[in-house]
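According to Swiss-Prot, the protein carries these features:
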{"type": "BINDING", "residues": "G206, E207, P208, G209, V210, G211, K212, T213", "note": "ATP 1 binding site"}
{"type": "BINDING", "residues": "G605, P606, T607, G608, V609, G610, K611, T612", "note": "ATP 2 binding site"}
{"type": "COILED", "residues": "391-524", "note": "coiled coil"}
{"type": "DOMAIN", "residues": "3-146", "note": "domain 'Clp R'"}
{"type": "REGION", "residues": "6-71", "note": "region 'Repeat 1'"}
{"type": "REGION", "residues": "83-146", "note": "region 'Repeat 2'"}
{"type": "REGION", "residues": "159-340", "note": "region 'NBD1'"}
{"type": "REGION", "residues": "341-545", "note": "region 'Linker'"}
{"type": "REGION", "residues": "555-763", "note": "region 'NBD2'"}
{"type": "REGION", "residues": "764-854", "note": "region 'C-terminal'"}
Amino acid sequence: MRIDRLTSKLQLAISDAQSLAVGMDHPAIEPVHLLQALLEQQGGSIKPLLMQVGFDINGLRQGLVKELDQLPKIQNPTGDVNMSQDLARLLNQADRLAQQKGDQFISSELVLLAAMDENSKLGKLLLSQGVSKKALENAINNLRGGAAVNDANAEESRQALDKYTVDLTKRAEEGKLDPVIGRDDEIRRTVQVLQRRTKNNPVLIGEPGVGKTAIAEGLAQRIINGEVPDGLKGKRLLALDMGALIAGAKYRGEFEERLKSLLNELSKQEGQIILFIDELHTMVGAGKGEGAMDAGNMLKPALARGELHCVGATTLNEYRQFIEKDAALERRFQKVLVEEPSEEDTIAILRGLKERYEVHHKVAITDGAIIAAAKLSHRYITDRQLPDKAIDLIDEAASRIRMEIDSKPEVLDRLDRRLIQLKVESQALKKEEDEAAKKRLEKLTEEIERLEREYSDLEEIWASEKAEVQGSAQIQQKIEQSRQELEAARRKGDLNRMAELQYGVIPDLERSLQMVDQHGKTDNQLLRNKVTEEEIAEVVSKWTGIPVAKMLEGEREKLLKMEELLHQRVIGQSEAVTAVANAVRRSRAGLSDPNRPSGSFLFLGPTGVGKTELCKALAEFLFDTEEAMVRIDMSEFMEKHSVARLIGAPPGYVGYEEGGYLTEAVRRKPYSVVLLDEVEKAHPDVFNVLLQVLEDGRLTDSHGRTVDFRNTVIVMTSNLGSAQIQELVGDREAQRAAVMDAVGAHFRPEFINRIDEVVVFEPLGREQIAGITEIQLGRLRSRLLERELSLSLSPEALDKLIAVGYDPVYGARPLKRAIQRWIENPLAQLILAGKFLPGTAITAKVEGDEIVFG
């Protein structure tokens, strides 16, 4: 008989049977080998068919193993085996059955049917399972659905619905779907479209994360609960698994064949199945090769005739990009817009999901945490949508608490490491003989004993707290299971079981949970098992870098003493320091306008008075490093076209993909100090871009993404009016008026009006220069310390430096040059000459007109 008359699945099974025969040293391939191969075949139709008819698969496997063990074995096999006469006879019988059914190819199930007809050991084994041949034949007819086997791959296209879809209604019945809260209007609109006679295909369109897939799951739950019109009752909602449909389609036409078989099975169900296609845009162009038809075009006729009941889901951008281009496909769908829920709706959704997350993570989630998740995610995570981002916050915060429960608490871990360290040290000291070592060993032994007692006490507390937490989690899990059982009993109409669960089991479990909670009311020492607002705020801070967590005592003190800390770097300029400190305090106390930057300042004053230095000091205060500042030198933006560098080049221009210099920096660090240095040197068009930032705290880049500036402190520095400041030294009011005139002449009124505060820096006096000298020398000393050298200056040398470095016109910069010339240059020569070796204390004093070192 010709092998090419067998379906590809049967050919593979014969190949596996041959391998089995060779492996067991059998002389030929017997029908038993073939049935064993068919039974174990990946993705084969024989095992599901046998289970459907009522075969005991394990019993059949054992019988086959027994038969295989009884077959004769050969010594020194060559590895070459052929079909036995019994197997050839079986395949001929299957061939006759195929001809009777009008098949062009012999399929696996006909071999099984022929085996039951045989009066052989295999036939007896199959019939001993208590299943009649007639029952098997009926099951085969149902499997084939009246279709003939006219293709070698026909077996693979069978059971297409089981292979390429996921039954959402079944998952809803098993309680595996999360509850869907709200979204009634969207679900009602979806049902309304599904009830139409033709083009009854809704497509859910909305931003990523607004809950499009959840609406489909909500529809599945309503179908199961019978909360739908009669036209949808009893229907099944299947989600198409696009990955399974495409995966492994190696040859041309194989993908189309799979899709066609899926559509055929759907049409046979006569409208009893609704197909849910998530990421609908993937259907457009899927499987398209040279001369091939894509999935979207194959769906069109079925959609138009109403044979395919379909619910799609895709995002606005992808709908526009893929589906709107294909007008013929678009008109077959009816749009259902899914808007982002409000904060209140999100809170309701989170309350509905709370129990699922509590059971999964085995922790309690407080209502405060739910409200905080909705509010904080809405305010601080601007590039994602509710409710997805709020759910993620709850999930991650709960996961964090669970991780702490499962692993050793930090206190115990620290003690453990300390004990190991001390024990290693004591072992080393035991080898020493001198008195000092013995005394040290005694002290160490006492310390080890004390720490071991502390460790064992804490370990006991940890064990009891852990047991308490786990007990509560187990009861919660039982409550969740009982509620799922109650739903199943309600659907079946089992009133006895419903009464038992509703009035007996669930109230008892809830009472037990209350008792456990009452017992554990005292605050745990080591373990937290509740997700509160604080945990949510910590996760938001980790995601965005914005400090929204509750301030610790140390941070409050630091903020209250902010001016003092800034003055350690910035000498004088009290007005500017106070203005900046107030802006930061407003932001951290949560009192700043949520729709504007935390603070926007224009620093004016002559060169070298500390405008840029104050920004660096602020960045260091907030982030412990002055590198955390987004610094933009506005002198680089003197041309009109350079505006594009701030927000990104327009589409079609070089550099479009790179994004904007300012927008990208703030997207990466939404909580930062933005310094626009020498702002008056920029082209006037740059200020038009800044208007939006200063007023609304937002800026749209060239990609259409909105960048959030609400958590930034924006500082612009300028030298405008510095000549007037020098002329009017001592008269603050006249100085300010003159400077504001200069600013008004250069900037437009709408720009000046949007700045929170215009700060005029005073020229530096001799006293301030003395303070700055100490700071500059302190930096030099820290550099010398790396070489193990120290430096001290006599009062005369210090006065000399101040006298040389003081220039009211140029501020503190001449001082830096003076230190370089009088201190750093001669010191460098002396160090290189080898005069000062590591460990030397260098002193500088004045001799004549020079500063000398000794």
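Using the three backbone atoms N, Cα and C, a Cβ is placed for every residue, glycine included.
Among 6-71, 83-146, 555-763, 764-854, 555-763 has the largest number of CB pairs under 8 A with the region 'Linker' (341-545). One way to see the shell of the ATP 1 site is to take the Cβ centroid of G206, E207, P208, G209, V210, G211, K212, T213; the remaining same-chain residues with a Cβ within 8 Å of it are T315, V338, E340, Q385, D388. Note: the Cα of G610 (ATP 2 binding site) and the Cα of P208 (ATP 1 binding site) are spaced 46 Å from each other. Rounded to a whole number, the C-alpha distance linking G209 (ATP 1 binding site) with T612 (ATP 2 binding site) is 42 angstrom.
Rounded to a whole number, the distance between the Cα atoms of E207 (ATP 1 binding site) and T607 (ATP 2 binding site) is 50 Å. Close to the recorded ATP 2 site, the chain also has F603, E613, T717, N719, F761, G811, A812: residues not among G605, P606, T607, G608, V609, G610, K611, T612 whose Cβ is within 8 Å of the site's Cβ mean position. Sorted by the number of other CB atoms within 10 A, the binding-site residues V210, V609 start with V210, the lowest. If you take the Cα of E207 (ATP 1 binding site) and the Cα of G605 (ATP 2 binding site), they are about 48 angstrom apart, rounded to a whole number. If you take every residue in the region 'Linker' (341-545) and average the pLDDT, you get 79. Under a cutoff of 8 A between CB atoms, and with a sequence separation of 6+ in the same chain, the neighbours of K611 (ATP 2 binding site) are A576, F603, G605, T717, F761.
Taking the C-alpha positions, the distance from G206 (ATP 1 binding site) to V609 (ATP 2 binding site) comes to 53 Å.
With every protein chain in view, the residue among the binding-site residues G206, G211, G605, G608, G610 whose Cβ has the most Cβ partners within 10 Å turns out to be G211. Straight-line distance linking the Cα atoms of V210 (ATP 1 binding site) and T612 (ATP 2 binding site), rounded to a whole number, equals 44 Å. Least packed by the Cβ count within 10 Å, out of the binding-site residues P208, G209, P606, is P208.
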